[in-house]
Amino acid sequence: MCAAFLEEYCGSVFWNESYLEREDPDLPVCLEQTVLVWIPLGFLWLSAPWNLMSLCKRSQVNTKRRTKLYLCKQLVVFLLFLTAIGGLIVTLVEDFGPNSSAEKNSAVYYTNPVLFAVTWILLLLCQEGVRRKEKAVDSASLFLFWLLLVLCDIFPFQTLLREALRLEKVRDVPRFSLFYISFGLAVIALILSALADMSPETNELVKKNPGAGATFLSRITFNWFNGMVMKGYKKPLVQEDMWELNEVDSTSYISQRFNHHMQFELGKARIRFQEELKDKLIKNRSKSMEAPSQSNGLGKGVSQDVLMMEEKGKKDDENKKKEVTNYPNSWLVTTIYKTFKWLLIESAFFKLLQDLLAFVSPQLLKLMISFTQDKSSYAWEGYLYAVLLLVVALLQSLVMQQYLRRCFVLGMKVRTALMAAVYKKALVMSNDNRKESTVGETVNLMSADAQRFNDVTNFIHLLWSCPLQIMVSIVFLWMDLGPSTLAGVAVMLLMVPVNGLLANQAKKIQRENMKSKDKRLKIMNEILNGIKTLKLFAWEPSLQTQVEDIRGEELKVMRKFAYLTSFSTFISNCAPTLVSLATFAVFVAVSSDNILTAEKAFTSISLFNILRQPLSMLPMLIASIVQTTVSKKRLEKFLGGDDLESDIVCHDPSFNFAVSICDGSFAWEKDSEPLLKSVSLGIKPGGLVAVVGAVGSGKSSLLSALLGEMHRTKGFINIQGSFAFIPQQAWIQNATLRDNILFGSPYEEQRFEDVLEACALGPDLKLLSAGDLTEIGEKGINLSGGQKQRVSLARAAYSQADIFLLDDPLSAVDSHVGKHLFDKVIGPNGLLKNKTRVLVTHGVSFLPCVDEVVVLVNGRVSEVGSYQSLRASKGAFSEFLDTYGTEQSNQTSSEDGCHDKDDFISDSEDNQSDVPLADAVSLMLRRENSIRRSQRGNRSSFRLRKNSNLKSPENTKKGQRLIEKETMETGQVKFSVWFQYVQAMGWGYAFWALFIYIIQNVAFIGQNLWLSDWTNDAVEHYNQTYSPMKRDTRVGVFGALGMTQGLFVFLGTLLLTNAAVNASRVLHSKLLNNVLRVPMVFFDTTPLGRVLNRFAKDIFTIDEVIPQMFSSWIMYLLGILGTIVFLCLSTPLFIIVIIPLAAIYFFVQRFYIPTSRQLRRLESVSRSPIYSHFGETMSGLSVIRAYNHQERFMKHNEVTIDENLKTIFLRIMSNRWLAIRLQFLGNLVVFFAAVFAVISRNSIDSGLVGLSISYALNVTLTLNLVVSITSQLETNIVAVERVSEYSELENEAPWVTQHQPSEKWPEVGSLQFVDYKVRYRPELDLVLKGISCDISGTEKIGIVGRTGAGKSSLANCLFRIIEAAEGRILIDNLDISTIGLHDLRNRLTIIPQDPVLFSGTLRMNLDPFDKFSDEELWRVLELSHLKDYVDGLKEGLKHGVAEGGENLSVGQRQLLCLARALLRKSQILILDEATAAVDLETDDLIQNTIRKEFSHCTVLTIAHRLHSIMDSSRVMVLDAGKIVEFDSPSNLMEKRGYFYSMAKDAGITHESETTL
């Protein structure tokens, strides 16, 4: 019917078989005039609306000027329009012209030109539409239209030509000419449509981001990435080479969209959660109503116990259940879906296409095999199949890369969204929440858990794609083999539960593994934070064994995991064999008529190969989804937690107080006892109020409450104005000094200078190498404690806030500096005199100058009033004063001290403490036991200050960058790294594994050859009966070879995984061993994050990533080699092609690998700043919140993540760039295999043809895998390189040497410095410049000096933290440089400035090597006034100490350090005065204990307060690294030299000194 109509329409035959049944086939003209015209035009008409949309939008007319390219395109289309009109005219002239014949032209000659003319007009509009589109450089639909048009025109092209050649003349000259003109124009248009049409704006954009200006062709082949590959090949890439991100890929855009959906979904989840809770409550109530107690009297007593037992059991069960849901859950996945649904839909579309295309190849293969069997068929059929195989494979490759690109970008975006969300949440998290997760765990959410989501979303479509592929395969198999397919399917289905079981086990093991990992990293974090203390006490071995024990557990779990993987590899490898075995065996057994032909065998094998992937991927995907559910729970719990209540603090302007609290009670946690009880307080605007009280009375908590950091149980707070907050332990960012002070405010020179002047930072800036632009290290390690505190004060002073909360900022500085700061900044005449100030202080001397004093006792306000009135009232305040009265009398007395302007410190006299005072970044006062819970800040880090940095303005170039940029290996991974890894595995293991894999490969090839031979039976036994005996042999051998293969894979994997665990063990213990032996200076110049990264990310890579890759790499590589060898054997012609292909392959890979490897490295380097900025933010949370800078920090986080995204995005693109090129190569292999099969079809049998093509089809995938795995291996093996870099760092001197001192050394405790010189690093100046002195046993020496004089360096030298440049130190006439470090450090004792504790028990913190008995421990606790406290604890000595000792106050920690010293009881004690962080009471206790207990020892006291050393036997005054005075205090006072002037500054006159 239809054909008849078309024949009438064209006036010729529409279709006839005879056209094809000849050597030179052709298509009928009618078909060319209709179908082949309609296909491209139809496509254009369908896609036109998309291009015309922008014409309807009014706003954007002429946004871009018309480029030459645009004009050329329009011209070509216009010319085509003319040819169409020409065609119509020709027809009209022929029909109605003067020479017209009676026979008219058929309808097609009218409709086609009209159709074309209309189409060209439409096209002119479409091209204008594209021009107006925002940022469009070309149009994919137009390019495809031109491509279709040219392809369809090729048929009439050759028809016309062949006709002309046959007739030796052109029959219809006008139409002939018009067709070839329009064909030429179409080809030109095709070329033009493939070029980018750039406006000047786009040009600018393209310089920063070439992807934005990529044309359709460039986008699908990833050609736009060539520039980066070339650049990476010529020189190692650096971060500056990275291209800008598209706006839709940037963090701010992603996180905005994610937050928008998250708020909605989380809101819904919270409502659900509340309803569930209500239901539970109702249920529980009804239960409790049902069970009234019946027993009485005695029975009651019994039943109570039983009940208790039952309750306990129930509770345990409940706890298990409770884990499941005590937070709003199941909202994260929907949020992710809603945020990224378009990307998901696009990628799903591509995936579907790819899956369908995958099934075309086996069908073509089938046709190909039947073609080789049928010797009568025409050769062109074979070539057609070969070309079709190539086309299908190319399409499949293009589609697949687009799908993968979208999936990986999706994964990247999901990770970004989660990281940004976690950061944002951390800024507003309530204290209850902060308590639940340590900084380490939160960083883990950002790194590990977000990464999990990234990995799962990469392959999320396999969830529906795998079942689809399985179903389609089964349908096709059924068509070939009938019901016997079910046997194969049954085997597959059996595999599913087995895989499920394995996945479940894997998940359990994974969980255990995560636990050990967290534990190990927590300890590592502490070790690195407290490394100085470890070195001083020679405790490294104890903590090393702790880490090694945890690592041992971890490795056990890894070994289990290794066995599991080997087993599952075995199963997945046997699966295809078992499946094909079952199918073929049943097929031939069912009936004797069923003979396995080549078509059936190889088509089904290539279908089984397609089946293999979804079957092996599904369980893996399910396992990783299961792992991700763990991450999902963790993220939901964290992100769904409560925020800080924003309504705790009101801002009502009608109050006449700047700060008012009405009957407020505040607690750190929702359900705990309030720490501040019924506080009422009003502070007038501009007032200066001091808050005093004993340790633990709640002073810092009061400030936290004002900042809204605590839970309000009753009452309210009203604040007028903005806050500036100075925590007790200064929080310093890793930025320049100026940025630390400006803290986001604009720079105004005059104001800045005034603030520096007032905060006494002027002299310090002169010492810093680059002035206020000097970079301050992580946690401010190159500033001393006092300097940090003054920077913190300067930040507040510069901020122009209205209310200043000062948490004891003056404790960390020397008394005269404190006086200066009080006068110039805080006091009645300071910079802040018109602001409201709340000052928590222990310094009694400032109290007379304040407007009001608030006295806190046990969390209640006991008195408020002026200094005078409170003294008179004889209440708690005067008791407080009497306790510390002695201190008071030593200070320059009387009130007018406050207003004494002449008491100004000259620049040169900045006698500021020399070592970072408890400098941690854990923010507030950590004194109160309550705060210990709230604080989850980063732990104290104890760093030596580089005196050099503060001293020598000359060494600007060297000293300016304290923290070196992370070194990044560039270029090819050295062979030695591979060598190291294999060596760590063990050579025996490696050799046997390789050998076994080779045998496995041989078995694989053997099995396939056997199959090929088997299929030839079909030809031999044509129409004959097939003997069962022969059949059984065939099936048996086939099965046996398959199983052998699986077995060898199992053995190989087992050996390799075992070897990998071995390597993990060796590499980690080397790393740990070495890092603990590295000199202190390394930790001063390397951020902790960087060292920790080695233990976290790099060890994780070595543990889990490399082993898996290594084994797959070996298997795939051998597989490819096997295939190529086989192809060359079966079709010798193949060798001709394989050589150039191999060359191209090698070339592409060599080009790609340097780029890819460098991108990986850049990615891991750009990842560190994200985590270190996050850690810094977590530790400075209360400061950031107080200043209200959350927005700014979020912006900074976005910028940091973007830097990382640039590298990730390019890495994804680089992988796609490579994959598409390799797949093209693989497709060529298939094409040539097919072509050679056609050429030599008469000489080889169909079995081999089938085998060689199905092998070649497999190669494409494997080629791709090999290169990507090679490059991933190369980039991941960098982890081995990075770990070994830290395993080979130069060590400090050996811990123990042959030359051991006697057991009792040092007996006398005499010290001798002989012309002792020292420097911190080789390139820096001397810090101590030739010190010589003798100190006899039991002498008490005070060491004083201004900032940077070298006091602490002296202590460091005794412990050989820094080694001598010249000269020596003798202790009891033994040169300390001749003995081992541990021998030395074990015999000296130091009470360091910062009390560092490690998480563990109290006992471990006192005696990590278990050398002492409990009695001895209790004795020292009694002496250090901690006995009552420890007695009161439930677990006594077993009491757990939190990370960084957070659950003890600073005072208690200091006393614990004293207990450590008492326990050592060595002959020499060094006391690095820590009194600054401790209130006067604790200070007194420590001083008295030391006087009494260490009376028979040599004591060196590094003093920051001169009072404490006025009773020393001698005082050593240091200045600029030399001893300037050394005599008894009274003689020095009479001399009126350095010491005298320092004493005068501290308010010690000659008279007051004698009264001591």
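Each residue, glycine too, has its Cβ placed from N, Cα and C.
Please treat TrEMBL annotations as automatic predictions, because they have not gone through curation.
Long-range contacts of the transmembrane segment (35-54) within its own chain (CB-CB distance under 8 A, at least 6 residues past either end) are made by residues 27, 60, 112, 115-116, 119, 122-123, 125-127, 129-130, 132-133, 139, 141-142, 144-145, 148-149, 152-153, 155-156. Annotation source TrEMBL lists transmembrane segment at 35-54 (among others).
The feature transmembrane segment is assigned by TrEMBL to 108-125 (among others).
What TrEMBL records for 137-157 (among others) is transmembrane segment.
Here TrEMBL flags 177-198 (among others) as transmembrane segment.
Under the heading domain 'ABC transmembrane type-1', TrEMBL lists 347-627 (among others).
Residues or ranges marked as transmembrane segment by TrEMBL: 348-371 (among others).
The transmembrane segment annotation in TrEMBL covers 383-404 (among others).
Annotation comment: TrEMBL describes 459-479 (among others) as transmembrane segment.
Tertiary neighbourhood of the transmembrane segment (485-504): same-chain residues 470, 474, 477-478, 564, 567-568, 571-572, 575, 578-580, 582-583, 585-586, 608, 611, 615, 618-619, 622-623, 626, selected by CB-CB distance under 8 Å and a gap of 6+ residues from either end. Residues annotated as transmembrane segment in TrEMBL: 485-504 (among others).
Taken from TrEMBL, the feature transmembrane segment applies to 561-590 (among others).
Marked as domain 'ABC transporter' by TrEMBL: 659-883 (among others).
Feature annotation from TrEMBL assigns region 'Disordered' to 886-912 (among others).
Here TrEMBL flags 886-895 as compositional bias 'Polar residues'.
TrEMBL lists 933-958 (among others) with the feature region 'Disordered'.
What TrEMBL records for 991-1275 (among others) is domain 'ABC transmembrane type-1'.
Marked as transmembrane segment by TrEMBL: 1037-1061 (among others).
In this chain, the transmembrane segment (383-404) lies in contact with the transmembrane segment (1218-1240); the count of Cβ pairs under 8 Å, excluding pairs fewer than 6 apart in sequence, is at least 3. Residues of the same chain lying 6 or more positions beyond the ends of the transmembrane segment (459-479) and with a Cβ under 8 Å from any Cβ of it are 344, 347-348, 351-352, 355-356, 358-359, 362-363, 403, 407, 485, 488-489, 492, 583, 603-604, 607-608, 610-611, 613-615, 617-618, 621, 624. Within its own chain, the transmembrane segment (383-404) has Cβ neighbours under 8 Å at 220-222, 347, 350-351, 353-354, 357-358, 360-361, 364-365, 367-368, 371, 461, 1216, 1219-1220, 1223-1224, 1226-1228, 1230-1231, 1234-1235, 1238, 1253, 1257, 1260, counting only residues six or more beyond its boundaries. Remote same-chain residues near the transmembrane segment (137-157) are listed as 27, 29, 32-33, 36-37, 39-40, 43-44, 47, 50-51, 123, 126-127, 130, 179-180, 183, 186-187, 189-190, 193-198, 202, 213-217, 219 (criterion: CB distance under 8 Å, separation of at least six residues from the stretch ends). Ranked by the number of CB pairs under 8 Å to the domain 'ABC transporter' (659-883), the listed stretches 347-627, 991-1275, 1311-1545 are led by 991-1275. Here the transmembrane segment (177-198) has Cβ contacts under 8 Å with residues 67, 69-70, 72-73, 76-77, 79-80, 83-84, 86-87, 90, 130-131, 137-139, 142-143, 146-147, 149-150, 153, 156-157, 160, 206, 213-218 of the same chain, all six or more residues outside its ends. Proximity of distant same-chain residues to the transmembrane segment (1037-1061), defined by a Cβ-Cβ separation under 8 Å and at least 6 residues beyond the stretch ends, is recorded for 555, 558-559, 562-563, 565-567, 569-571, 573-574, 576-578, 580-581, 584-585, 985-986, 989-990, 992-993, 996-997, 999-1000, 1003-1004, 1006-1007, 1010-1011, 1014, 1106-1107, 1110-1111, 1114-1115.
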